[in-house]
Each structure stands twice: as structure tokens, then as C-alpha cells.
Amino acid sequence: MPPPPHIKPENVLKRAQELIAVGQAPAALNVLHEHVTSKRTRSSPIASLEPVMLLFVELCVDLRKGKAAKDGLYQYKNIAQNTNVGTIEVVLKKFIELAEKKVTEAQAKADEIQSSLESAAPSSNVEDLEAIETPETILLATVSGEQSRDRTDRAVVTPWLKFLWETYRTVLEILKNNARLEVMYQTTALQAFQFCLKYTRKTEFRRLCELLRNHVQNAAKYSAQMHAINLSDPDTLQRHLDTRFQQLNVAVELELWQEAFRSIEDIHTLLSLSKRPAKNVMMANYYEKLARIFLVSENYLFHAAAWNRYYNLLRQSAAALAAGQGTKKENPSVTEADMTKAASFVLLSALSIPVISTSRSRGALVDVDEARKNKNARLTNLLGMAQPPSRAVLFRDALNKGLLKRARPEIRDLYNILEVDFHPLSICKKITPILKQIGADPEMEKYVLPLQQVILTRLFQQLSQVYESVELKFVYELAQFPDPFQITPAMIEKFIMNGCKKGDLAIRVDHTAGVLTFDTDIFSSAKALHSGSAAGSAESEVGSVQRLQNTPAEIARLQLTRLAKTLHVTCMYVDPSYNEARIQAKKAAQARAEAGAAKEHEETLARRVLIEKKKEAATDALQRKQREEETRKRIRNQQLQEAEKQRLLDEQREREKKRLRDEQERIRQQELKKQLEELKSGVKGIDISEIDLEDLDANRLRAIKLAQLEKEKNELNERIRTTAKRIDHLERAFRREELKHIPEDYEAQKKRDMELYEAIKAETLKEAEEKHKEAVALKHRLSRLVPVFSSFRKEVSEKRHEEFEKRRKAAEREFEAKKKQRIKEVQERRRRERAEREAEERRRKEEEERAKREEEERIAKEEERRRILAEEKAKREEERKRLDEIAQRQKQREEEAEARRAARKSGLAEPPTRAAELERPVERTAPRLNLVSRTGSGPSWRERQAAKEAAGAAPAPAAAEAPKEEVQLPRRTGGYVPPHLRSGANASPATPPSNGPAPEKYVPRHMRESSSSQPPSRTQTPPAAAPASSDKPEASPAPQKWVPRWKQQQQ
């Protein structure tokens, strides 16, 4: 059998509402449950599924079907948690609200049933909601017919309380360990705590605490799952801490001290995981509740330590608020009264710490001692202390912080009596008024009993130091307390027996003689033999008792110690070698220590460096591992999110395709039904009952319609043909008979028309006459009102005219004022615009004049620059010409000298003289190429060649005077320099002329190039500036800063 087709949520909701309307709520719940738990529901949109869930949880609450609600809510959470978390919160809040409303209604109903009884507490006496009917209650209901309040509550209220408890537990199970539903989870947990507190459900509170504890433990176990909570997140951890603090408060209110202590441990575990410190207000609550727990468990030592931590926290909060470093929201509000109260409780709780052991047995066994140490270590960690507290440490800390000044006067006096000026004979008389004041305070009354134990302990310890035996009556008289806290002799004897049993006291009671005998047997006290016999509160407190004198037992125990000390002192005085050996050993040890100190220090430093490196390496490794883990987790989460997104997209795509197919199918079916209806109503003779809509399509329907229309057309044509044939003969016969009666009918018609006309005419005349008479009468009645109307109209017209004139004149005045104002504004605006135009014109003229002046200055500068450039160019041309002439003459002299040397070697005649050489025409040679790049506007090689030719054609005297002029010219690095003028001229084979100038200093090639490539804007020293009589030419001036050509143009 195929599965039933999937129904839309809207149809399911409508069906359920119909069933509810006819009183079939269970059937409606079954329909909704089947739809919600169906796998096909996952593809339904959340917006259409939410109303179904709201009705579903409402029916579950009405019918108390918790299991069905749990199944449906689980399924709904899996559907909606990836798309819309808000709808889950709406449904669950509705579920809880309905359950709470049912409990309230059940309470009202129970009150109505038991209206004759007094109003009792809002909770029944059922201890466990999961075990309501016990055999005792069933037997009691059977044998007793009395209708009591408890029985009414058990029958009416308790089932709904159980359902509400199951509701909270179901919601917490659904929301657990889901980061997207975490806020709702914490809110539900707080509501569950309030439920337990309101109805005093201690058993359910224990189960709730265990449930939350398991959820936190499973959070770390399933941290790799999608949407898992992360306890490393500060916000998540803070929410869990808030929940645990509320759990602690409820546990203290319900006086469930074991659960409160476990809540303290949970809070301490969460605080150890937190990366940021907890708020001071939370820690103040933590220490306050911890102090109450220790007080209930009679652990007065850790109770006093908790009060000490609480006071320190209050002091730090007050200092932080005073310095402006914290906010009032994060720090508890502290007043002077609060500080006084806290200081008093710190001092009073420290005084209440027992001086001797409070354990019930001697406890000298190793396993018991180890268990006690482990317990103390746990409690110390809960308090956040480095080492276990002690009575002396707490007193020393209190005195250092000045608590005596802040404490109440009676507490200060109590401290002085017990710890400073303790006197056994007058202790009770001094402390009686203080105990009365303490007992009058409900909060301090709890410390009276431990204070009595401390007083009795001190009393017997000091009596044992002074007396060997005392009368019981004397002891009873010493141990007298105020009336509400009186101690009986039996209680004193019980205290003595417990102290002797634990080894803290060595007392024998003789009831026959009525005497207390303090044990003088030097071997009777086992206190020294059992180091673990004392409790944690008193193991180091024996020395704090005021020592009046040593007992015989103590003298016997210390005999060997005293003998050793005496012998040691005697040896020091009698035997010098003893001292020398000891001194030598001491010196040797000191020398070894000094020798090894430096090495040990270096080793310590090296070890410290190594430890630091290892720590850094471990930290780096841990951070790297955390980063890698976070990266892997992030990648995994991204992959899961992408896969989830892809799945949702695929599902959305499939749902869209299915919706389109369904819509197309629905439209097709509607069109087919519409066409069938049209066919049924428009075309006769078609039976559509036998037609299957599933197999029917548009083409077949069109063919059926056309066939039927064709059939109808043929039948109609046949009927028309038959009827026309019959009508032709009948109509001809009718018309022949009508011709005989037409004149008579015409005359009768004329007569009827005339009668009708006369009747209508008479009626019209009558109505007109009546209307005229009525109008004339109305005129006569209204004519009396015409003068009054005229006078009233005239009066109204005059008033309106006067008012109009007033308004017209006011409007004219306003118009004139506006007109004047407008004229003034226009004139002012025109004057301002004219001033602006004039100012603009002045600025424009000034700008034009300035631009013209700048242009003229620029042109003048440009002309000046061109003139300077032309002058410099002319100077350079002249200088190049002179240098070329000098070079030509030098070359000729070298050639003559070479010719003379060659003639001397060969024995020939001397070559012609210089004058003869000059007379010969100059032979044209190839131009000298200056391979050094030139910058500027220097002469070309053709110009230089022309200058050489002109110099060769000059007369001889000019050539003879050239060397004298040559000395006065500065050396140019850009042109040719003769060998005898260079720094290395002595290496030349030719001897320079005697009348030539002295050799100049060698200038490197790059400096010559830079000198030859200087811009024309640099100034040159004129040739006449160099003195002719100096041996060395004057040094060239320092090169000026180079200026770009565009800036030279601007200047």
C-alpha cells in the first residue's frame, strides 16, 4: 500500500482546528503529531510550520502529553535550527507559559475545593514528583475518606507540577549544548530554579543541578559537533557562571548545603576556565555563600577564611570605586556600615575557631591524615588561597589590615579578653555582657557555641599549668555563662571527655571526691606522639596559648633537649679545640660557599635562561597548536557550513521545483475543470461523469467539444429546415385572416387613445391649479418677513463692508511697508552688488597691471639674459681663437725643434727658421675632433679651423708676442692644452721654450669635462685678472650652484 500523500501545514492546521471544534482534541493531537514527526515536514517552510507547532504544544499541555511534545519539539528543533532560531524560542516559550498557566489554574481550583481551610503554602507535601503514589498514600486513601488539603493538592496540583517539571527538563534537553540556542537555555534554567524555589522542590532541584552538570561535562566531549558551545568564549562562560550563581543562591535558600557546596565547586571550575577575571560583585556573592556553607558544616577555620576573603574583596571594591577604576555594576555597593559589619564578622569568626581539635577521634592514622590534607587542599583552592589558613595567620592578617579599629566595640573587647588578657578566674564575668550582646543579634548568635568551646579550652589549659587538682564545684563556678547560653555540668564533663579522647587534655574526673585531677604523669600525654591528631584548625595553635609555666610532663619531655644545650655550651667554654674545629668547619663551609656562589649564580642564571627558553618554546608550541586547532576547527566549521548551505540550497531548489510542478498541475486541473464546466453548461448532451480527469488533456477535451458542437449544428439545421417549411403555410393563412379585422382594430385604438388623452389633460390642469393656490398662499405668508430680511441683509452688508474696508486699509499699509522694505532691500542689494563689481573691477585692473608688470619684467630679464649670453659667447669665441693660435704656434715650434734634432743627427743643414716657416703657406690638415662632449653654445670645428687659418696668416711679430699673452690667459679645460703647460710636461721629449709660462697643476679629465660643460650662466674670470709676473696661474674661482634653464628664464 503506498504511503499517504503529504499534506501541507496549512491544511493540517485547518483539519486540527476542525477536530477541536467538534471536541476531538486527541484526534487533532494525533494528526499534528504525525505531521510534525514526518520526514516530509523537513521541506516545509518554517513560516507555515510555526502555527502548527503552537497548536501542537497547546494540545500537548491541555492533554498532558509530555512525551509527544518532546518528540515533536525535537523534530522541530532539527528542522528550524539552521534557518530560524527565533521560531524555536517562540514555540518553547509558549510551551512553558502554557504549563505554568495550568499550574496556576490548578492551584486556584484546589483553593476553591478547600475554601473552608486556611490558605496553605502554594506547594504540596509530595517529596518526589516522580513518585507521587506510594503504597502508604494508596492505603491511606483506601481506609480514610477524609478530604484533606494535602490530598486535594496531590490530586489536583501535583500532576500539573509534575508536568511543569517535565516541561522544564524537556526544554533543557532540547536546548542543551547548542550555541545558537544558548540564551534560551540559560533563561529556561533560571526559570527552573525559580520553580524549585517557589514550590520548595528540593528533590527536583537536586536533579536539575545534576542535569546541568552533565550538560557542561558533555559540552567538552561533543565540542566538535556543529553548533556546539565553546566554554573558551568569554560570553558563554559568563552566562554559565550567572546560571551557577543563581543555582548557588537557590541552594542556600532551600538549605541544601551539599548541593550548594557542589555548586561552589562548579563555579570554581568555571572560574578556572575563564580568561578574564570575574566581577567583584559575583565574587562577593561567592565568598558570602561559601562562608554560610562552612558555618553550617561547622568548619569554623575555613568559615573565618571565607569571611576574610569577603572583607578583602569589599575593601578592594571600595578602593576601586574611590579611584574611579571600576563601575558600580561590577563592584558591590560598600558603605561604612557594611565594612564595620564585615570586619566584626571576620574577627568574630576567627575568635570562634577551636583552639584544639574538633574531630571526633584522635585521627592519628596515616590514611585519615591524608584524607584530611586532601580535603583542606580542596577547600583552600575553593578560597583561592596559596596555602591552608590557620588561626594565627588569620589574626595576623586582621591586625595588619586594622580590623580592630573597624570592628564593633564588643567584638574588640572580646578579642582583647580572649587573645590578649586572658585570665581563667575572671573570664566568664568579663565575657558575660559581651555574650549577651552577641546573642541578641540573630546573625551573631550562631557563634556563641564555638566561643564557649574556645573559652573552656583556654580555661582548662591554663588551669592545668597552675593546678594539679581542682574541685569540680570550683570549675563549675568558673564556667558560668549568661542564661540563654548556660552550660550544665554534664556538658562540661562531656567536653573534658572529648578532649581527653582526642589527646588534647589530660584530666581525670573523681566524682566521689568531686575533684578534677590534671595528669602529672610525664608519659601520659600522647599529644606529642600523634602529630596528626589535631584538626586543621588547631594543629599549629598549641603555642598560641598563654604559657604560665611548664608542666612536669613538658619538663620531662624537654630534659634531653636541655641536657644537649648545656653540654654544648660547656664544650664551647672548656674545650677550645671544639670551638676551633667548629670555627674552621664554618670557615671552610663559608669559603666553599663563596667559591661556589659565583658558579651557582651562573648556573642559576643559565638554568633560568634555559627555563625561560623552554617556557617560551612550550608557549609557542601551545599557541601554535591552538592556532592549528582553531584553524582546523574553523576550516571544519566552514566546510560544514558550506555543506549545510549547499544542502539547504539543494533542498530549496528541489522544493521550488516541486512547488512549480504542483502549481502547474493545479493550474492544469483548474483549467480542465473550468473547461468541463463550460462544456457541461454550454453544450448539451455530454455526460462528463464517465470522463477521467487524470487521463483527460486539452486536446481531447477540444475534440470532444468540437464533435458535440458539430452534432448540435447538424440537429439545429434539421430542425430549422422542418420548422421553416411548416411556418411558411401557417403564416400565409394568418395574414389573410388579419386583413379583414385591421380597420376595426384601428378605430378602436383611436378611441382608446383619445380617452386616455382627455383623462391625462384633466388631471394635469387640476394639479397645476392646486400648486398655484399653494404658491400664492406661501407668498402672502412670506411677504411679512421681507422688511425684516431687508434690514438684516442691509445691516450685515454694512458690517461686512466696514470690515472689508478695515482689512483693505490694513492690507494697503502692510503692502506699503513691505514695498518700502523691498525697495530698501533692492537698493541695498544693488549698492552691495555695485560695490562688489567695483571691487572686482579694481582687483581685475590690479591683476592686469601686475601681470603686465610681471610680463615686462620677464621680458627685460629675458633680454638681459640674452645680452649676457651673447657677451659670454663672444668672449668664448675670442678666447678659443687665441688658444687655437697658441696651439698652432706651439705645434710649429715643436716641428722646428724636431727638424733641428733630425738635422743634427744626420749632419744636414738646419731647417728654415720660424720666420721662413711662417712665410710658407699653411698646409690644410684634418680638423681636430674634441671627443669630450660639450654643452652650451660653443663654436663648431669649422669655426675653429677658420680661426686657425686666420691665425696662420697673421704676421710674425704677433706670433712672437703670443707666449707673453699666453701667461695671462686662464687655462681652459675644454680645449687643447700644450704638453709643456700640463703637469706632466717634463716627460715630453721636447724642451719647452724658456720664455714660456710655468707648468700648471694637472686637472683630471672628469673635472675638465665638467668645466667644459658648465652652463653659460656661470661667471668666468676675465683673462686680465691673472697677474703676469706670478709663477703659477691664479686658481679658478669656486664653481657656483647650477641653476636650471627654466629658472634662469623666470629670473
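Any Cβ shown, glycine's included, is placed from N, Cα and C.
Since we're looking at a predicted model, the values are computed, not measured.
In Swiss-Prot this protein carries:
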type: COILED; residues: 92-121; note: coiled coil
type: DOMAIN; residues: 339-523; note: domain 'PCI'
type: COILED; residues: 608-905; note: coiled coil
type: COMPBIAS; residues: 617-632; note: compositional bias 'Basic and acidic residues'
type: REGION; residues: 617-664; note: region 'Disordered'
type: COMPBIAS; residues: 642-664; note: compositional bias 'Basic and acidic residues'
type: COMPBIAS; residues: 794-901; note: compositional bias 'Basic and acidic residues'
type: REGION; residues: 794-1051; note: region 'Disordered'
type: COMPBIAS; residues: 916-926; note: compositional bias 'Basic and acidic residues'
type: COMPBIAS; residues: 948-961; note: compositional bias 'Low complexity'
type: COMPBIAS; residues: 1010-1039; note: compositional bias 'Low complexity'
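If you average pLDDT over the coiled coil (608-905) in this model, you get 87. Across the compositional bias 'Basic and acidic residues' (794-901), the DSSP tally of helix, strand and coil residues reads 108 helix, 0 strand, 0 coil. Applying DSSP to the compositional bias 'Basic and acidic residues' (617-632) sorts its residues as follows: 16 helix, 0 strand, 0 coil. According to DSSP, the compositional bias 'Basic and acidic residues' (642-664) comprises 23 helix, 0 strand, 0 coil.
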